[in-house]
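Taken straight from Swiss-Prot:
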type     : residues                                                                              : note
ACT_SITE : Cys200                                                                                : active site, nucleophile
BINDING  : Arg25, Arg180, Arg181, Arg220, Ser221, Gly222, Asp223, Asn231, His261, Ile262, Tyr263 : dUMP binding site
BINDING  : Asp223, Ala317                                                                        : (6R)-5,10-methylene-5,6,7,8-tetrahydrofolate binding site
Amino acid sequence: MKHAEYEYLNLCRHVMEHGTKKEDRTGTGTVSVFGYQMRFDLSKGFPLLTTKRVPFRLVASELLWFMKGDTNIRYLLQHNNNIWNEWAFKNWVESDEYKGPDMTNFGLRSQEDEAFKTQYDEQMEIFKKNVLEDDEFARKYGYLGDVYGKQWRAWKTAAGETIDQLKDVIEMIKKTPDSRRLIVSAWNPEDVPNMALPPCHTLFQFYVADGKLSCQLYQRSGDIFLGIPFNIASYSLLTHLIAHECGLAVGEFVHTIGDAHIYTNHFEQVKKQLAREPRPFPTLKLNSDVKSVFDFEMGDLTIEGYDPHPAIKAPVAV
């Protein structure tokens, strides 16, 4: 049987060979396709890619951050997770309070200008230190808007109340597992203009059959090289956690992507990854003493048997 990682590798190859060239808001440029689906049987290993190292620690701490309903990067920085830094940093350097060197277009400039990259790195360290140590600074500039965690755990209604979508869907899985309404949405049109980055993974749905829990994610926009490997692992982990609380086995993770794209400055990295052979997927171990998904901490999640090829670095488009 073909290794399940080819679901992802075939996506990479398909977009490289058949993608349409497009411009994008970051100024980097992409090749993309519209509408693509991958399927992973979670009972046959945890889909943490092996053709390059994907840091499970970062995947897990980000998911726990979402599940806490948090929208400030301080929690992530406290767990040495820097994957959301650039979007919060952008808010600071574009504010009237910022007095440092010009950081306009820092995403591209830091890749092309070594002298600028030194300045950028210095300012980023100042920013991170301030978020960690200064409560007022963290409140103003660590906040990303009403992104995933807020929509999952405290969706605002017209009546001024909030809906805990994640808690509600878990209760529905327990009480009405055959429901076709086991859905959580992160796309709130009213809040989108005020988000640092509008949700890329916009909606997910659960499905229970034969004692197994499956999850399908609809992702409006997918950065194939950097983002999608994280998304595969994150929603697979979420499925495991919810199945654990609900007393179910895991079924499939189905990943449906709208605009699936590769940035032009990731082409060489993708080619390098495609030249590698997949290795066996690892196994996820959960602390069985933890009963609620909302009580899991980093020490309760363990990956065993992960032996990937080396990491492949690539710039983030902001």
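From the backbone N, Cα and C atoms, a Cβ is placed for every residue, glycine too.
Just so you know, the Cβ of Arg25 (dUMP binding site) picks up 7 other Cβ atoms within 10 Å once every protein chain is counted. Separation of the C-alpha atoms of Ser221 (dUMP binding site) and the residue listed as 'active site, nucleophile': 5 Å, rounded to the nearest whole number. Recorded residues Arg25 (dUMP binding site) and the residue listed as 'active site, nucleophile' have their alpha carbons 14 Å apart, per Cα-Cα distance. Here the Cα atom of Cys200 (active site, nucleophile) is found 21 Å from that of Arg181 (dUMP binding site). Over all protein chains present, the Cβ of Asp223 (dUMP binding site) has 22 other Cβ atoms lying within 10 Å.
Counted within 10 Å of its Cβ, the other Cβ atoms near Ser221 (dUMP binding site) come to 19, all protein chains included. Neighbour counts were taken at the CB atom with a 10 A radius for the binding-site residues Arg181, His261; the maximum falls on His261.
The Cβ neighbour count for Cys200 (active site, nucleophile), using a 10 Å radius over every protein chain in view, is 19. Taken residue by residue with DSSP, His261 (dUMP binding site) is part of a strand.
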